[in-house]
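Here the structure is laid out as structure tokens; the discussion comes afterwards.
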Amino acid sequence: MNDTMSRYRTMIGHRLFWPAAVLFVMLAANTIYRPGFLSIELKDGHLYGTPIDILRLSAPLILVALGMTLVISTGGIDLSVGSLCAISGAIACMYISKQPDQNSLGVVVTALAMALGVSLVLGAWNGVLVAVIGIQPIIATLILMVAGRGLAQLITEGQIITINSEPYRAIGLGHALTLPLAIFIALAAALLVAAFTRRTALGMIIESVGGNAMASRLAGIRSGRVIFLVYVISAACAAVAGFMMTANVSSADGNAAGLWVELDAILAVVIGGTSLAGGRFFLSGTIIGALIIQTLTTTVYAMDISPQTSLLFKAVVVIAVCLIQAPAFRARFSRRRRNAPPPATIVDKPKEQVPA
Amino acid sequence: MTDSRPVLTMTGISKSFPGVRALHDVNFRLFPGEVHALMGENGAGKSTLIKVLTGVYDTDEGAITLDDEPVSFTGPMQATAAGVSTVFQEVNLCTNLSVAENIFIGREPRLLGAVRWGEVRRRARDLLARLDLALDVSAPLGSYSLAIQQMVAIARAIDIKARVLILDEPTSSLDASEVAQLFRIMRQLRDEGIAILFVTHFLDQVYEISDRITVLRNGGLVGEYLTTELPQLSLVEKMIGKELDVLEGIEEHSRRDLAALEEGTPLVAVSDFGRAGAVEPFSLTIHAGEVVGLAGLLGSGRTEVARLLFGADRADGGQVAIDGAAGSLRTPAQAIDHGVGFCSENRRAEGIVADLSVRENMILAMQAARGWLRPIPRRRQDELVDKYVKALNIRPADPEVPVRNLSGGNQQKVLLARWLITEPRLLILDEPTRGIDIGAKTEIQKLVTQLSDGGMAVLFISAELEEVLRLSHKVAVMRDRQMVAQLANDESLDADRVMQTIASGSHREEADR
């Protein structure tokens, strides 16, 4: 009895419990509303169904949010990721559209390399502004957020560039092992970032810099380099996300590609339990956060909520998610019920607060 | 001067915070037309007393009277209205607003809701004229020096029939001529009958300006004295007090032959090492196995010396030799490369990373030195952490709990372990025993002697003279941001002699008197 109680408490105290519970409730609500929601079928060797769609559509957001997690962990923020998506997509599509053979694999690889290279340079620009010059991250990346849209427009010459390249299209819509390729790309990116931060000491050093910059400096950490690096990583993630977004529609629109994705990414990071104040970061939490956001978007469509109210609906759900996660709110809530037979107290650990 | 009745009395004031008794049964009185210095080391309760007086804090016990009327202010605004004005250490004025606006902000003369700017400027000019200051009251405050800004803050404070003026460390960021200017105004106000409560860490200033001194120590009242009747040496004695915890065994250690230790090339030798505004240039040599104590009052530049040697602040000039070869200590990372470690006195802000676990906090400095690409293998981490958790008796002995859950003393040990893991050749300990219980304190002191026996050099900073004397081979004395003496810790050196040096500067000066 006592044992199950403590196990229950450990589970509830786990940092992934609340995000996972929210995701579960959302899926359950959808299934009740539309019993076929979770069904998956195999057609032409490919799996189809709403859950697969959610995974595929959340891939770009997962990518952007992974980079954002590291940036936020250092106590910074990267507002330029949406523009970077647009720029990388624009460069890749522009290059491919100018080639005689758009279906050549070599052309696509060259295009990706070029776009990725430019994105890394732009990420380095962010990094220099924040780490070397010392501009506040929100302002430093705001520069590229605004100017980047213009840059993307310049690259596409104000047009929507449409391409007809099968290999490029595959990034967004291709399949491998019955599943959409995008899922694998996001998964690979997640594993790569996880290995890069947790197999090396980078993760701990990022958390240390974000947790207490002054103490980290006095411990001998050259925090400038670390901060520079996370903005470059964030740009690289955004670039790949940009490929997916443009590949989905086989066209690059400098205005629309990746619009507002930075806000969704920040939200995903926060839902995942990483504090906006910096410090500890949770990649798995971020992924769940991104899935929650995509599930929410899909739900809005599936439930036929009118477009006029869909944003409001999203906002209400997001507020609820953030409140459920906030230890202070949960504490108040559980205190109010304290007179009733004690439900295993949730306020076990006043852990990462979730500033929303 | 003293025959009149006190304008302000505080009797039996006690104030506790969770876990800390900040003030205990403190009496304080202030006469009109006097400058009364409130003295004590950090944590003695000076700020708490001022905050109780001005209503920032409630009192737990005790009474305050102003002009024989019992008062109890609910906040500084109310205190100001009753004639008790405070000028805080950091000038909290708006440098982007004009002088006149700063003086009247929040209480501008109004007509039908509109501010009467002409009136504001005229009254500002009158007020400043009273202080013999001719300023352009329309100019932004930021265009004037810090000293002038301080005086504008005073002008603001005395505007409303102030009878009591509280100056909390007004001189800490002023240079000598600016201090003189401030003192001129203080004397003028005193002569007008205003009672001035003056808090400072500078002993010379106390003797220059004050008529009476009240000393606090550890939240208790030590006594109230006339400045003329209290020699500087006794003042220091009363501020520091004497601690009587005897630690057998450690004593002999420091009496070892300094000459033998100082043979050969020093580990670190700096000369003309200083930083404007922080500490005057000084020279210091530290040899392997040597414990150098740094004594002096708070604010005398002890921490600044440590920070310069660790590269936490950059020195303006001077030479650095490490193992006899020219080197540089310009950043912490550079100092660590040379084998220097530094435990800051400010554990929370500059020491621990509260979010990280005990294990991560311990390996942080070693990992930083290796670079992030070469993580310390987990098994090696566990070995190191285990070793120091046992050796330093860290509790709880679970390396995976966040370090914020540990007590202050245990956090201090985690920080010590962080540096010991890097096997430094010079370890700088800034107040390693402050605010921790006596058991942990003894353990840390024993550790220092063990480390130095093992050949590690230690720069040991502490406000407690007994402790410095017990551990060090050599004591460097800081006073008013200058290193005024370096004394070999032999039989002839005792707390009195160090106090004398702290109080009066170098022996040469003393001879001149």
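Backbone N, Cα and C atoms are what each Cβ position is placed from, and that goes for glycine too.
As recorded in TrEMBL:
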TRANSMEM  A:16-33  transmembrane segment
TRANSMEM  A:54-73  transmembrane segment
TRANSMEM  A:79-97  transmembrane segment
TRANSMEM  A:104-122  transmembrane segment
TRANSMEM  A:128-152  transmembrane segment
TRANSMEM  A:173-195  transmembrane segment
TRANSMEM  A:226-245  transmembrane segment
TRANSMEM  A:257-274  transmembrane segment
TRANSMEM  A:281-303  transmembrane segment
TRANSMEM  A:309-329  transmembrane segment
Query - Segment proximity, the transmembrane segment (A:226-245) to the transmembrane segment (A:281-303), 3 or more C-beta pairs under 8 Å - result: no
Requested in this report: Grab the same-chain neighbours of the transmembrane segment (A:54-73) for me: Cβ-Cβ under 8 Å, and only residues 6 or more beyond its ends, written as numbers and ranges.
Outcome: 81, 85, 137, 179-180, 182-183, 185-186, 189-190, 193, 197, 206-207, 210, 230-231, 233-238, 240-242, 244-245, 258, 261-262, 264-266, 268-269, 272, 274-276, 278-283, 286-287, 289-291, 293-295, 297-298
Query raised in the report: Same chain, outside the transmembrane segment (A:79-97) by at least 6, Cβ under 8 Å from its Cβ: which residues?
Result: 60, 64, 67-68, 107-108, 110-112, 114-116, 118-119, 122-123, 126, 138, 141-149, 151-152, 155-156, 161-163, 165, 168, 234-235, 237-243, 245-246, 251-262, 265
Query - the transmembrane segment (A:16-33) vs the transmembrane segment (A:309-329): 3 or more CB pairs under 8 Å - result: yes
**Report entry** Interface-richest range of A:104-122, A:128-152, A:226-245, A:309-329 toward the transmembrane segment (A:173-195), CB pairs under 8 Å
**Finding:** A:226-245
Report summary line: Highest Cβ pair tally under 8 Å against the transmembrane segment (A:226-245), stretches A:104-122, A:128-152, A:309-329, lands on A:104-122
Query raised in the report: Restricting to the same chain and to residues at least six past its boundaries, which positions have a Cβ under 8 Å from a Cβ of the transmembrane segment (A:128-152)?
Result: 71, 75-80, 82-84, 86-87, 89-90, 122, 223-225, 227-228, 231, 252, 254-255, 257, 262
